[in-house]
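Engineer: Structure below; questions to follow.
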Amino acid sequence: MAINLSLTSTLLRVANSAPSPLSPIVIRGGPKVVQPCSGKLRSGTLKSALRCRAIVGQAAEEIKEDDDVSLHDPPSASPKNEQVQERDYTGTPYVPIFVMLPLGLINMECELVDPDNLINQLRILKSSNVDGVMVDCWWGIVEAHNPQKYNWSGYRKLFQIVRDLDLKLQVVMSFHECGGNVGDDVHIPLPKWIMEIGSKNPDIFFTDREGRRNHECLTWGIDKQRVLEGRNALEVYFDYMRSFRVEFNEFFEDGFISEIEIGLGACGELRYPSYPANHGWEYPGIGEFQCYDKYLMESLVKAAEARGHLIWGRAPNNAVLVDHADRVLAMANIAFEETPIAVKLSGIHWWYKTASHAAELTAGFYNPANRDGYATIASVLKKHEATLNFTCVELRTLDQHEDFPEALADPEGLVWQVLNAAWDADIPVASENALPCYDKEGYNKILDIAKPFGDLDGRHLSAFTYLRLTPQLMEEQNFMEFERFVKRLHGEFVENVQPNHEEETEEEVTVD
């Protein structure tokens with residue numbers, strides 16, 4: 001695995017010259033003085049907070065006094081209006097919409113739960129003209145008991161129901177544990193035989209500095225280590241994906257399965273599991289490095305020795321995610337042949353308004369001020385012709401400042417940075433909401449991202465996935481707003497739109 005050695009050296013230098021834990025972090029170029037250790041910063045451990053606090057402080061000092069604009073600066077956050085004003089999307093590009101199905105739809109015996117209720121809900125969804133649905137295919141269910149013994153029975157019944165209703169299907173290869181994400185109401189662990197291996201060799205899991213193991217997914221350090229009953233992790237993932245492709249061949253052949261999203265880490269996202277709630281993390285904590293299992297440490301030492309700098313072989317470090325994505329996506333394209341694939345990136349928007357972007361850093365995104373940490377990821381997705389699926393498009397920066405001012409969050413800035421990185425790489429960009437959304441204001445925010453106003457290149461999202469099918473969505477008023485949202489995504493005429501005649505034009509920003 002490739003290691004970002006220059007960053008490792010920087011982190012070591014920062015750790016050795018950390019300022020007093022009681023001194024404030026001064027963000028140059030602005031009037032604010034932020035004190036993240038004043039009791040408002042919450043993370044799993046005080047030690048991790050102080051270490052990343054030192055990183056933030058060091059990086060902040062490197063910004064010039066007159067640096068008023070960053071490459072990450074988004075369009076200005078729009079204030080809330082008492083009366084919601086809307087754009088007219090009639091005749092705009094058609095953006096397909098998919099709806100995530102409930103997490104507990106398939107039980108641990110791979111049986112479809114309450115199919116009659118599901119059919120009724122899918123018929124209602126179909127009436128709103130959604131394009132299809134998304135479903136997770138859980139590794140912990142399908143290959144639960146023994147290696148290469150797959151049970152797809154419940155998914156076959158589900159797929160047949162969805163196809164009979166003439167809906168398309170996006171499928172997620174979910175190689176992670178279910179139960180650790182916001183809104184997760186079921187628990188699906190990794191396969192039993194994996195957990196048995198892990199009880200004897202816990203280094204197959206990501207590990208933090210205190211030695212705590214994270215069971216959300218396998219460490220990337222065993223991508224090429226045959227420690228899983230004679231197979232390495234890449235072989236395990238490929239065998240699972242190929243089994244799925246063979247099992248559901250007819251659904252691929254008729255185009256019913258329109259896309260496969262490849263799980264690459266915690267919560268199915270390409271990131272380190274840096275902020276596990278079961279280890280005490282609370283928003284907006286910066287998280288903890290998860291690179292201390294022996295396989296990742298050995299990889300770091302080898303890379304440091306090859307460069308002639310042994311000291312770089314000591315953690316903390318920020319091993320890049322790109323190699324893992326590159327390897328797994330290569331396997332996915334072989335397994336799924338001509339079917340489009342996608343990768344989900346997490347929207348880590350807290351601490352975005354600091355120089356170091358510390359929360360992104362612990363998750364594996366080296367995205368400090370004036371450096372685009374997402375361009376390299378976009379490049380590897382371009383290499384494998386994969387769509388980038390991004391989250392948190394419904395969140396407003398102003399709301400985050402009101403609710404959690406200590407978080408220094410900027411979801412709008414992050415969204416625009418990632419979308420532009422993908423569009424610059426000429427790859428499709430899809431998105432989904434991070435939290436439940438039922439109101440007009442949230443839908444308008446999504447539409448603003450889906451079809452940017454005044455974009456000279458006419459860029460727009462390739463698809464949107466709505467999180468998720470729930471009883472709340474089926475409530476009359478909520479579903480009426482959802483139907484209206486679907487029409488506007490599709491570029492159809494909608495009555496009672498109150499156009500905003502004061503739409504701002506783009507301003508030219510010069511970066512010194």
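The backbone N, Cα and C atoms fix where each Cβ goes, glycine too.
Caution: TrEMBL annotation is automatic and unverified by curators.
Under the heading region 'Disordered', TrEMBL lists 64-86. TrEMBL lists D136, H176, D184, K344, H349, T391, N433, A434, R468 with the feature substrate binding site. Feature annotation from TrEMBL assigns active site, proton donor to E269. If you look up TrEMBL, you'll see E432 marked as active site, proton acceptor.
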Engineer: Per 10 Å Cβ neighbour count, which of the recorded positions D184, E432 ranks highest?
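Structural biologist: Selected residue: E432.
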Engineer: H349, R468: which of these binding-site residues has the sparsest Cβ neighbourhood within 10 Å?
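Structural biologist: Lowest Cβ count within 10 Å among the binding-site residues (H349, R468) is R468.
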Engineer: Identify, in sequence order, the residues in the chain of N433 (substrate binding site) that are 6 or more apart from it along the sequence and have a CB within less than 8 Å of its CB; answer 'none' if there are none.
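Structural biologist: Non-local contacts for N433 (substrate binding site): T391, C392, V393, E394, G442, I446, Y466, L467.
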Engineer: For a quick check of understanding: given the listed substrate-binding residues D136, H176, D184, K344, H349, T391, N433, A434, R468, what is the maximum Cα-Cα distance in angstrom, as an integer?
Structural biologist: 25
Engineer: Would you count the other CB atoms within 10 A of the CB of D136 (substrate binding site), including those on all shown protein chains?
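Structural biologist: Total other Cβ atoms inside 10 Å, all chains included: 22.
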